[in-house]
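Trainee: I have a structure I would like to understand better, so I am pasting it below and will then ask my questions one at a time.
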Amino acid sequence: MESAEIRRWEGYVDWRKRAAVRGRHGGMIAASFDLVVEILENLAFLANASNLVMYLSHYMHFSPSKSANNVTAFMGTAFLLALLGGFLSDAFFTSYLIFLISAAIQLLGLAILLIQAKMPSLKPPPCDHQANHTAMCQEASGGKAAMLFAGLYLVALGVGGIKGSLPSHGAEQFDDSNPQGRKRRSTFFNYFVFCLSCGGLIAVTLVVWVEDNKGWEWGFGISMLSIFLSMVVFFAGSPLYRNKIPNGSPFTTISKVLVAATFSCCVSPNSQNSIASMAMSPALDGKEAKQNAKGRDSTDVVDEPSESLKFLNNAVLKKPFHSALECTVKEVEEVKIVLKILPIFGCTIILNCCVAQLSTFSVEQASTMDTKIGSFKVPPASLPIFPILFIMFLAPVYDHIIIPFARRITKTEMGITHLQRIGVGLVFSIGAMAVAAAVETKRKGVATKNGLLDSAQPLPITFLWIAIQSTCKHEILGHISFLGFSGYGLLP
C-alpha cells in the first residue's frame, strides 16, 4: 500500500480522474503530443492572423486604418483571453479540458468565416473600378459585419483558451521538484517555440499563398482541418498525460491576503493574537501541520514570511479580523511573487504596441511595394518567413549551445536570467521601430519621387526592406514567448 502511494503523482490525475502514476503518466513522451499540437494550432492561427489585414481591406472593404485597428483588436482580444483560459485551467477545470473546449470554439468560428468567404451574398459586392483608376467600394456592414466579427471573436476566444492552457499542460508533464525535471521543462519550452515557428512557417508560405491565389475559403478550410487534427492528436495522448488538479482561484487568494493585511493594520500586536504556527495551515497545531506536510514537496513549506513587502506579513503575523481571512505564509509569499512580477508585465505594454504596428502596417506597406523575387510574386503576408526561419534555427542552438555555455559561465541553473531575456526583447523593440521609421521614410520618398503617392501601381522598391523590421519584430515575439514560458516557473 505504501509503495502504491509513493508511485502516485501528488496533486495530479489522469484523463479519467484517477490518480496519476509515476512512470506511466507525464514525461517528455507525453509532452511531445503538445509539441505536435502546437504546430497545428499555430498554423491555423497565424495563417489567418498574418493575412487578416488584407482580407479586411480587399474583401470586406474596410479602410487601411480600420483594417489595422480591427486586426489589432482581434489579436489583443485573443491574447487577453489567454488569461481567462489559464484562470479556468487553474481554478475550476484542467488544462486538458480547457484545450479541447477552446479548440472546438475556434473550429466553430472558422466554420462561420468559411461560410461567409464561400458565399458571395454574405460579403460586400466587388469594388466598382472607375475610369480614373479609383474604386468605389462598399464596406461590410449590418448582418455581414456581424457575421464577420462573430466568427473572428469566436476564433479569438478559442485561441485565447488554447494559448492559456496548452503551454501549461505541456509543463505539467514534468516534475519540477528536482533540477532534472526543471531542465527538461525548460527544454520543452524551447522546442515549443521551435514548433510554434514550424506551424508559422507553413502558415505564411503555403496557406497564405492559397488564400491569395485560390481564395479565402480554402485558407479557412485548411485552418479548420488543422485545428481538427490538433484535437485528434491531443486526444490520442490522453492515456499518457498527468493533469494537475485545479486548486481554486488565485484571485481569491490574492484578495484574501490583501484584505487580511489591510485589516490587520488596525489590530495591535500582542502575544495572544499572534499566530504561533507558521505551518501550511494556520488552523492546525504544529503536530497536525507536520503530519499534513509529510510527503509534500519541501519547497511548499515556508517557516516565516520574507522581509520584502513587509506590509503583507500582517496577514499572518496578526490574528485575522475574521476566520475567513486566515492566511498561510505560503499564500502571502505567493502574493508577493505576483506583485513583484506585475511591473515586469507592465513594461511590455508599450513593447506590444510596437508589435501591433509591425504586424498590421508592415503587410500593408509590403502590398504597395514590388513583391516579386525573379518571376515569382510573393504574398505580402509571407514576410515573416525570414524571421521564422531564423527562430527555428535559434531555438535548438539556444537550448543546446547558448544555455549550457551560459550555465558554465554564470554557475546558475537558468544560465540566462528571465530579466536578461526580457531586456534583450526590449532592446530589439527599439531597433525594430527605428528600422521601421527609416524604411517608411524611404518608401514614401520613392513614391513621391515617382509620382505614385495615390496610385495603385506597385512602387519601384523591393518589399525585402520590410523583412529587416519584420525580423526584429519576431525577435521581440521570441523573447515575449520566453517571458511567458518562464513565468510558468515563477508564478505560484
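Keep in mind that glycine also has a Cβ here, set from the backbone N, Cα and C atoms.
These numbers come from a predicted model, not from an experiment.
TrEMBL lists 35-56, 68-87, 93-115, 188-210, 216-236, 337-358, 378-398, 419-439 with the feature transmembrane segment.
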Trainee: At a C-beta cut-off of under 8 Å, are there same-chain residues at least 6 beyond the transmembrane segment (188-210) that contact it? List them, or none.
Mentor: 28, 31, 34-36, 38-47, 50-51, 167, 170-171, 173-174, 218-219, 222-223, 379, 381-385, 388-389, 391-392, 395-396, 398-399, 403, 478, 481-482, 485-486, 488
Trainee: So what's near the transmembrane segment (378-398) in sequence-distant terms, Cβ-Cβ under 8 Å and 6+ beyond its ends?
Mentor: 46, 50-51, 54, 190-191, 193-194, 197-198, 200-201, 204-205, 208-209, 211-212, 362-364, 366-367, 371-372, 463, 466-467, 470-475, 478
Trainee: Which stretch from 35-56, 93-115, 216-236, 419-439 shares the most C-beta pairs under 8 Å with the transmembrane segment (68-87)?
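Mentor: That would be 35-56.
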Trainee: To the transmembrane segment (35-56), which of 93-115, 216-236, 419-439 is linked by the most Cβ pairs under 8 Å?
Mentor: 216-236
